[in-house]
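Student: Quick paste from TrEMBL:
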BINDING   A:Leu12, A:Ser13, A:Gly14, A:Gly15, A:Leu16, A:Asp17, A:Ser18, A:Ala19, A:Thr20, A:Thr21, A:Leu22  ATP binding site
BINDING   A:Cys197, A:Cys207, A:Cys210, A:Cys213  Zn(2+) binding site
There are 2 protein chains.
Amino acid sequence: MSSSTKKAVVLLSGGLDSATTLGIARNEGFDCYAMTFRYGQRHNVEVECARRVAASLGVAEHRIIDIDLKQFGRSALTDDTLAVPKDREDIDDTSDIPISYVPARNTIFLSYALAWAEVLDAFDIFIGVNATDYSGYPDCRPEFIDAYEKMANLATAAAVTGTQKYSIHTPIIKLSKADIIKTGTSIGVDYSLTHSCYDPDPDNKPCARCDSCKLRLRGFQQANLTDPVQYAD
Amino acid sequence: MSSSTKKAVVLLSGGLDSATTLGIARNEGFDCYAMTFRYGQRHNVEVECARRVAASLGVAEHRIIDIDLKQFGRSALTDDTLAVPKDREDIDDTSDIPISYVPARNTIFLSYALAWAEVLDAFDIFIGVNATDYSGYPDCRPEFIDAYEKMANLATAAAVTGTQKYSIHTPIIKLSKADIIKTGTSIGVDYSLTHSCYDPDPDNKPCARCDSCKLRLRGFQQANLTDPVQYAD
């Protein structure tokens with residue numbers, strides 16, 4: 001890449017949404033610095049998927065960061081005593097925040113991304129939040145992202161020196177899952193490398209029954225594409 | 001404490017400012033949950049000081065969290081190859097951000113505090129930032145705190161359920177160092193337990209020459225009080 005290429009920090013979970021977001025950032029010409037968290041999630045396999053996705057899309061660097069969100073608990077993703085909901089009838093019901101919500105997770109992830117951006121002299125941060133086919137998480141909504149961006153532009157050295165402003169990019173925030181999949185497919189994102197399930201079986205095969213699997217499967221169906229991932233029987 | 005006591009998460013570094021902040025939170029009747037970070041700082045001794053301050057002020061719980069900010073570098077506090085500035089003539093000059101600034105540190109600290117507050121059902125977070133006798137850090141200014149509070153109230157489950165709002169308390173933000181010390185002394189904060197130096201000697205004695213030591217020493221002098229801490233020769 002040329003030295004004039006703009007750098008971006010891209011949050012990458014190993015799931016479908018963040019893989020697409022990385023593909024889009026790369027497609028827009030950014031030199032991508034991917035950041036993944038091993039935070040105590042029960043679907044730790046996604047970290048390995050993130051590694052493969054990052055390699056396949058050719059990032060400048062991939063940083064995997066260990067943080068312990070398990071200590072706070074209160075989420076089925078980090079607390080083994082809480083069951084991941086399965087076979088929910090209405091996956092579009094966002095009136096209650098589901099038990100898979102991890103307290104302040106995206107706030108923490110973005111804060112690490114901001115720290116890395118600051119030392120990289122990068123002013124662009126990408127996050128694959130989605131507020132259409134999603135589970136009603138508060139930290140996936142556009143108003144949260146806007147407030148985070150404002151805060152970031154007051155938190156950092158650049159806020160005082162006034163050189164440049166940070167942008168938090170959310171290229172898939174308003175897309176349906178089907179449109180995310182179609183977009184990613186058109187720019188060469190390999191979904192066979194991704195993992196979306198909250199509660200994979202011992203062989204790390206996705207369950208097809210949690211909200212995340214159901215949203216993914218419906219997305220592929222609506223996009224008239226086949227999900228290349230093999231599900232548990 | 002009665003069950004009706006309100007809980008607060010209090011960021012506690014082991015320094016003078018955060019010890020005073022914890023004292024104030026306790027004095028206001030909060031049941032305090034102290035949070036300290038071992039983040040790769042060269043003055044790691046402050047974590048031990050935080051432990052003693054938390055014990056002396058009787059917190060409900062003290063959580064010490066390991067995070068790695070050393071990996072990002074670009075601060076004299078986390079990068080051993082960068083020297084901590086000593087004997088600066090004008091410690092009130094905040095026109096440049098000093099090399100002791102740690103990228104996005106307070107943003108990350110507050111984000112962990114927010115996660116803990118969320119699972120504790122606490123809506124009050126205390127941070128001992130100061131924008132008077134300080135070093136010009138962007139993440140110590142009132143406008144940063146205001147923006148963080150707004151973001152926090154969009155990031156979390158309570159933002160959607162609309163139950164309660166988070167408050168980020170900064171009780172010493174506008175006090176001079178002398179007034180911080182007088183306040184803390186009046187409510188029983190034991191400054192002999194605190195540590196402010198960025199670059200202590202091998203015996204962990206403060207240097208008396210870094211900005212943080214100089215601000216502290218001047219504060220005690222202006223308050224007509226004696227700093228109970230023993231400095232390096």
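Note: Cβ is positioned from N, Cα and C throughout, glycine not excepted.
Source: prediction; values computed, not measured.
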Student: List the residues of the same chain that sit at least 6 positions away from A:Thr20 (ATP binding site) in sequence and have their Cβ under 8 Å from its Cβ, in sequence order, or write 'none'.
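Tutor: Sequence-distant Cβ neighbours: A:Gly128, A:Ile172, A:Ile180, A:Ile181, A:Thr183, A:Gly184, A:Val189.
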Student: Considering only the binding-site residues A:Gly14, A:Leu16, A:Ser18, A:Leu22, which residue has the minimal Cα-Cα separation from A:Cys213 (Zn(2+) binding site)?
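Tutor: Of the binding-site residues A:Gly14, A:Leu16, A:Ser18, A:Leu22, A:Leu16 has its Cα closest to that of A:Cys213 (Zn(2+) binding site).
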Student: Within the same chain, and leaving aside A:Cys197, A:Cys207, A:Cys210, A:Cys213, name every residue whose CB is within 8 angstroms of the centroid of the CB atoms belonging to the recorded Zn(2+) site, in sequence order.
Tutor: A:Val84, A:Lys86, A:Ser196, A:Tyr198, A:Asp199, A:Pro200, A:Pro206, A:Ala208, A:Arg209, A:Asp211, A:Ser212, A:Lys214
Student: C-alpha of A:Leu22 (ATP binding site) to C-alpha of A:Cys210 (Zn(2+) binding site): distance in Å?
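Tutor: That separation, Cα to Cα, works out to 24 Å.
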Student: How far is it from A:Cys197 (Zn(2+) binding site) to A:Leu12 (ATP binding site), counting Cα to Cα, in Å?
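Tutor: About 15 Å separate the Cα atoms of these two residues.
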Student: Quick one: of the binding-site residues A:Leu12, A:Leu16, A:Ser18, which has its CA closest to the CA of A:Cys207 (Zn(2+) binding site)?
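Tutor: Answer for the nearest of the binding-site residues: A:Leu16.
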Student: Given the ATP site residues A:Leu12, A:Ser13, A:Gly14, A:Gly15, A:Leu16, A:Asp17, A:Ser18, A:Ala19, A:Thr20, A:Thr21, A:Leu22, which other residues of that chain have a Cβ within 8 Å of the mean position of their Cβ atoms, reported in sequence order?
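Tutor: Neighbours within 8 Å of the Cβ centroid, excluding A:Leu12, A:Ser13, A:Gly14, A:Gly15, A:Leu16, A:Asp17, A:Ser18, A:Ala19, A:Thr20, A:Thr21, A:Leu22: A:Ala50, A:Val53, A:Gly128, A:Thr194.
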Student: Per DSSP, to which secondary structure element type does A:Cys210 (Zn(2+) binding site) belong, with helix, strand and coil as the options?
Tutor: strand
